[in-house]
Amino acid sequence: MKSKRRHSGRDVNGILLLDKPKNFSSNQVLQKVKSLFAARRAGHTGALDPLATGMLPICLGEATKFSPFLLNADKRYRVTAYLGHKTETSDAEGSVINKREITFTQPQLEEALEKFRGPILQIPSMYSALKHQGRPLYEYARQGVTLDREARRITVFDLQCLRWEGHELELEIHCSKGTYIRTIVDDLGEVLGCGAYVSDLRRLQVADYTHDSMVTLEKLEELTLKNNTLGSAIDLLLLPIESTALHLPEVNLESGAAACIKQGQPVSFFDNPTDTMVRLTEGGERHFIGIGIIDAHGRIAPKRLLRNVSDAL
């Protein structure tokens, strides 16, 4: 009889807003953070390309249960596009496949940007991690294979031009989940008639998490070296798990109803919004216990629950 494999590490729970450095994959920095915290479980909430920097929320322990809510959240980016060149990958890593002169004017730029605001359809790049028959598209692209990709509906809530100087165009983009910034830049370059690729990309925000709360790998390593007690300093950098759900309406449950929810049983609750997800808290101290769904009849069913109340702290 085979023994069950046990994961090593400690039970540490919370969310770290990592400022991902350039030239590292999201998985590489995830493993580094997991090691520094000596965490049993860890996961990130939406990969950034190696050339990109900025916010990469790392979920530790029980927080991994709530990572889908961040994966599906809106995001904000600052991107620098290099105009006049088109590359095979739509970023600086790819070979230049086309060069054209920059002939558009400022009014034409504003007109072009307007085409990318609001709900739009976007065809993902072949150099993306979307999968076809179990393989990421970029593997096909590297073999010279181009596949038909279905256009996907995304929303660009805000798109602002911050700077245009010669070949460089700096934009800030607030967009829905599933938006490929490289594709926006590539498509914009075609609308402008000169081609463009991403030369620099930084993620500023995920959901309601803002860039001023980010922590660098260097800071984590420095605190780890200065403190002998495992996790004593870096644990203070973790945000509570409840922060993933602060945008949801709260339903505060008395202990009896909370006990039913924790056992997976729906409870009836009146005077609350229906057909929506809610943040569930318990008792007068309003301890976070998880996320629930209220149906059209006012019944609350659990969707994601913490293992116990102390995990929210």
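Each residue, glycine too, has its Cβ placed from N, Cα and C.
Copied from Swiss-Prot, the annotated features are:
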- Asp49: active site, nucleophile (ACT_SITE)
- His44, Tyr77, Tyr180, Leu201: substrate binding site (BINDING)
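Between the C-alpha atoms of Asp49 (active site, nucleophile) and Leu201 (substrate binding site), the distance comes to 9 Å. Cβ neighbour count for Leu201 (substrate binding site): 23 (other Cβ atoms within 10 Å of its Cβ, all protein chains included). In three-state terms derived from DSSP, Tyr180 (substrate binding site) belongs to neither a helical nor a strand segment and is classed as coil. For His44 (substrate binding site), the same-chain residues 6+ apart in sequence whose C-beta sits under 8 angstroms from its C-beta are Ser26, Asn27, Leu30, Leu56, Pro57, Ile58, Cys59, Ser67.
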